[in-house]
Structure formats: C-alpha cells, structure tokens
Amino acid sequence: MVFVECGAALKLNQCIYIGIASTICLLITQKANAQEKPVNTKNIGLITNIPRLSDIERPPTSVKDWLSQSAPTPPKIKITGVRINRTDDNFEIILETPDGEISAPETLQEGNIFIADIPNAVLALPEGKEFREDTPVDGISYVTVTQQESNNTVRVTIASSGKLPPIQVVNQSNGLTIALTPTSPDIELIVTAQKRPEDAQDVPLSLTVIPQQEIEDAQIRSFQDIANNTPNFSFLPTTAGSADFSYYSVRGLNNFNFLANQDTVGFYIDDVPFDYGGFLDVGLIDLERVEVLRGPQSTLYGRSSPAGVVNVISRPPSNQPEMRISALYGSYNNRELQLSLSDAIIPDKLAFRLAGAYNARDGVFDNTFLNKPIGERSQLTGRAQILWTPTPEWNISFNAYASDNDNGNPTFSRQNAENPFQVSQEVDGFHRLSTNTQALKISYNGDGFRATSITTRRFSNQNTLVGDNFPGDLLQQIIGINSTLWSQEFRLQSPESADRLRWLLGGYYESRNFNVLDDTFKYSDAGAVFFGLPASGSDRVSAEQNRHTYAIFGQIDYKPIAPLTLFAGWRYETADAELDRRRVFVNPDGTANPPTAEVRNATLNSDAFIPRFGLQYRFNPNLMAYATIAKGYRPSGFNYRADTEDTRRFQEETTWTYEAGLKSSWLDDRLSANLSIFQSDVDNYQVLLTDDFGFFRNVTNANVKVTGLEFELKANPLQGLDLIAGIGYVDSKFKNYRNSFTNRDFSNNRVPFAPELTYNLAVQYRSPGGIFARAELRGYGITYFDDANQVKQDPYALVNARIGYEGEKYGIYLYANNLFDTRYITSGFLFPPPNVTAGFGDPVTYGVRVSASF
C-alpha cells in the first residue's frame, strides 16, 4: 500500500495527499462486485420478503410418496410453554411439550433473520396467546413463536440487530431447544455514529467503539476512562482527585481555553449535549456502549464539533425484570456502590429503568500544615428512564439524571518535589458541582422515513475555593458559576431499509445562559506585596453571557455502483452572543472601589457554512477504504475577564481536515484492523494567554497545523482470549503565532495538552471455569502544558491489572491501577515564575470489586 511506501521518504502530510489520491484512483478502477453488509433492526416487516417454507415450489410426488401420504397422520404435538434461558455465554429458547419429542424443524437463515418451522405442531400457550419478547439479550431485536394455520406448523423467528450468532437446534426428551452463542464481536458493534444502525466497520470515519462487555471488563466509569482506551484522545484531571476542571485533547485540539464559548469536542450522553469542560465530571453508569468519532462532526449532529464527538449510550429500559449491583473498596478508603434495575410497567408498551451510584475517596495528599489528608472526593449520581412504545413505529422516552460532587481542594506540588503527595498549605479548599438534566426524545421509524425530536434542558452549578498551595497564603481564588442550557434538535431521514440513496435533514437550536457570579482573586497582605498591589483585598469579576445558536444541517449518501458510496454534507450555523460584565476591587473592610471596565449589552454575531465531502469503497465484505474532506468551526466569542475592548472579543475558528483510512476484518471477524491518517489546518485557533504572573486573563487567535494517524486492532485468537490495541500519533504545532502581550514568538511550538503519542493495550482471558484475568498498558508521549513549551511531562506508561472469578450471575475481582507507582503530572504552570507548579496523577491503588445480576 502507498501508506507503507511513502512512510520512509516523505513527511506525514505528504503521505496524506498521496494516500487520498491513490485511494480515489484505486476506487475508480476497481470492479463493482462487492456488496455492503446488510444491517436491519426494524421490528416490523422483517419477514415479508422471506418466502414461507411451505410456499416454496416442490417437485411432483411419486406414487410411493402419494401412498405414504395416504397413511394416517400422526397426532399434532402441543407446545404448551416457551421459556428464555440466559447465561453469560449464550441464551436459549426452550419449547416445552408434554407429548414427547418435537419433530425436527425446517430452518432458514436470510440476512439477520433465522426461522425454524416445526411441522405437525400446535401452539397451546395459556389463554391462546402467541409468544414475543423484544431485546431478550444485547444484539437480538426480538424472538417470536407463532402458529401458522395454513400448514399446521409452529414458527420460531429470531431477528438480530446485526450479524446472526451461531445457532444450534437440539431435540430434548420433553421439547426443543434453540441455543444462540454470540461469539462474534459484530453482535456488539452495531453503532449509530451516523444516526442510523450499521456495523462499525462500515462507517467511513475514524471511530472507536467500546461495547458493553468491554466497558465492564475495563471498568469504564468516566470520560477519562474512555480516553484511556482511545487513540489520540487524552483526558487529564487538573490533579489527582480533582474534579474542578479536566483538560482534554482529540487529534491535537484541546479545551485549554476554558474562557471560550464552545468546546472543541461534542460530549453527548443519551443525545444530551454537555456545554462546558468544567461540568464534565459526571459518573458514567449502566452503559450500553461508547462511540468516539474523531474529526469534524457538523453535518449529522446538532452541535458543531471541530475535533470530534464522544457519544455515550446508556442501557435502555427492558421488558423483562432486571437488576444489577456492584460494590468496590480500595486504597485511600475508596468505596463505590452501583445499582440498576429495570422492568415493564405495561408489557411490550411501557418500561422503566433506574440507575444510581455513589463513590467517595479520602485525599491522596498529606497536608503537614493542617495535619490532615486533603484532596478528598465524593459523587452521587442517579438516572431515571421511561420508554413508551405505543406502536412498533413509535418510541417515546423521557430521561432525567442528576449528579452531586463534593470534592476537596485541587492540590498542586513543585514538579521536582521529592514527595509530591506531601504538601504544606493553609487553605483547606473545596470544589462542589451539581447538575441536573431532563430530555424528551420522540422517534418515528416508518417504512418511508424516520423522524426524531430531542428536547433537552441541562443546569449546572459550580463553586470552588482554591488556595495557592504554599505556606504564607499569598492568595485564594473563589469561583461561582452556573449555566442553563436548552436545546431542540429535529431530524428527518431516510428509512433504515434505504440502500442506494440515504439522506438526512436536521435543525438545531440552543440557548445558553452562562453566569459568572463570582470570579475573585483574594490577596493577603503578603500577596499584595508579592504581586505589586497597593493594598490587600479582593479583585472580583462577575459576568453574564447569553448565546443563541441556530443551525440547519444535512447529508446525502449515494451509491452509483454497489461497492462505491459518495457522500456530501453541509451545515449553516449562526450565533448571537451578549455580554454584561463588571470588575470591582473590594477592600479588607468590605468597601468597594468604583467599578472598572464595566460592560453592558455588548453583542456579536458569527455565522458559517460548513461542508463535508467523501467517498467509501468496499473491495469485499471484509475490506473498506474511505477518504473525506471536512470543515470544523467554533464561533467567535467574548472573554469576560478582559478589561479592554480590543482584548474582549476573539475571532471565529475554522478547521479543514483531510482524512483517508482503511477498515478490515479477517478470520470470520475474529480479527479487525483499522488505519486512518489525517491533516488539519486550523485558522484563528482560540488560544488562552497568561499575564506576567501566570494568571489566565486573555484570549487570542493563532494558526495551527496538525498531522497524525490512528491504528486500532482487536483480535480473538482463541475462545476466551481477547487482544485490544490502539495507537495514535499527532504532530500539533502553532504556525505564525506571536503573543501580542509579551511579543514572544511561539511559532513551531507544540500545542499544549496534546500528547505526541497515545497508546493502549489490553490482554484478557475468560476461562470456561470462571477465571478472569486482564492486563492493561496505556502510555503517553511527550506532553507540554504551556504555549512556551517550558512545562512538560516526558513520555511515560502505566500498567493496570485485574483478576477474578465469575459465576453465572456474579463476579469477584481484585484490581491494581498504576501498578508500578509511576510518577507523572497532568497539568503544570509557572507559578511563581520560574518555578513549575504541577498537578500529579494518581499513585498506585488496589482494591476489590464484587458484582451480581438478577
């Protein structure tokens, strides 16, 4: 391939251009003889195109056959019961009869449908009912057992949401058993990244999917855990145990500019957009899967996201009684309890699901000044879901969830400290965050089209007190912020059965009220002297920002020939922003100086047309190539901390990303390997600047160029043995960037919080006897934490391990994280210059976890 041939001789960005051009040439010359793997998840109309076994034309019978047919017909066998038996490895459909063995059925498999017709049988269930169960296990849409009156047969129908797993039919002494063993990972990798159900290997973009079983095995409970299992995605807390703010980066673009109005990455939980990086510390519980889309996503999602999307999908309400519980205890008095339960209120019509979690941990830092541990944390999370399905075409769901975080002071140390977890500071601070969310989703899935409406409200409230982390108490920072976000998204799109032409049209509205109630630096007498102030006191800023965003978006996918798909998408977005802001200095006696730099009703508007183009070509059912060109966009905004008009506004940011990739699967889907290469050119990247004392007060714009690649591999070489690996490389550098306040030139410096290398490797084994073992390696390349590239973390790697025993309905596990107690920093800054003050990651931790399901 051209990717290998050009690697030694050319730079990565040159490889990208050659790769895209070669891919297009290869696609044009390839024969049109491959078909895309079919995926169908609709619960109605699936059997209409499958001929009845009795309707298939049979050859004329012979005299011998005619004579044999004249013999007395044996009595019909009554099927008096249908049971579903679930285990960790498979599930069984058991047909019970008091009359003895059931005749061997005729079977037919068509796409994702399996049919078994049992001759000379009658369905005699209580009250004469037929049997149906929706979603009996993950990956199976429904199971039905019905009477076929025309030919005295009983039909069993199994519909899979993806590829059918292996199915075995076994006659028993008192009935018939149909057993399904989902050994292929495809059954778990049906995704909705493009707002339609499809195999992850058919999606023409760089995509990481973490299915439910992997979520449990890797113990994914936060966005940081998701990033640890995703190439070119880093998610770093400010310091160990901290939840006040987390720095993330996808493909070299980060959220370091926390004064910006919109994040670079779109975070969604059950279709609800999250509005600010400081509000992302939510517990992720009772999940079905996670999808991480890298690259600009503006033509299929309500909110425009220039770097990518993290899409979290919770487990939906079940039509059958279900209960799960898990508990954990570990180092630093770490304790966790999770509970979820689900059942039908009205069978097949109305169901509910409840989930909740509590976790808490003592601080990992020892404060010798106060003689107590600090940096403790606690979190309480709850979620409630109601799902109403009045007809097979309609789904109406209401979700509500809330979280409450009460954490200790974010604690920092000198980067070169002998023991960074031992500090001496006077202030015992805190960080408190509470959020609540409500969402109403109405979906129609018809034969001619699909329609979706999503209405959401999200409220967040944050209060923080932070000391300077050193003896002497020079200053304290006090922050009080709340945010209310309303959004409405509507989508109209082609039906799931559409193949040659697929289309989507959507609209989006968002209203966000962001209130800075208090952003204060409180200086002591010593602090006033150190920072050159005339007297001690509190420098207080308050502000209110309102933003209204309107957008229309859409995409068309067209197949001119069977293996080739061309797609084009577009988005038009406009946003209006308004700012009120005041700054006062409050003296120690409580009197306030006259306000300075007061702003009222400042307004700005920005708009953009955002296109996306691409193609994909399926060489055969196991190999697909794609190439895309996409624009990303972040609107202009206000910096509420700025004192002057020329620094108060920053410009809109645009990104052009060029990407080419290959997706492949081998050995009956037991091995998958995906590769993508990309280049992003960013104009007016929104950059956060510090003043002479290291405080973040200003925002400017700079140009950035990013090149990189991602490679992911999953393998199941032996039954029970799984290998998961991923690696991402990114070269993200400033271009033509000079700090206008200090006149320092940062051109060709690396963008902060964007590790050059990210990698993850997991090897796990689950034995038939119940033994479970898993080892993980995750690492980062060199990472800088400032534009000047003066504060950095050298490459490092962490090792995690788990071992346990699993029964049919329970499990008990021992775990160790950061097994070799590696020291590393997750943030850093010059304070007071030239000293480096840093936040350190968690030390080694151990613990035990138990889980059970009912």
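Backbone N, Cα and C define each Cβ position, glycine as well.
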Between 663-678, 823-838, 839-854, which stretch does Swiss-Prot give the note motif 'TonB C-terminal box'? 839-854
Which one of these stretches, 187-194, 563-570, 795-802, 811-818, shows up in Swiss-Prot as motif 'TonB box'? 187-194
Three-state composition of the motif 'TonB C-terminal box' (839-854), taking helix and strand from DSSP: 0 helix, 11 strand, 5 coil
With DSSP helix as H/G/I and strand as E/B, how many residues of the domain 'TBDR plug' (199-315) fall in helix, strand and coil? 19 helix, 42 strand, 56 coil
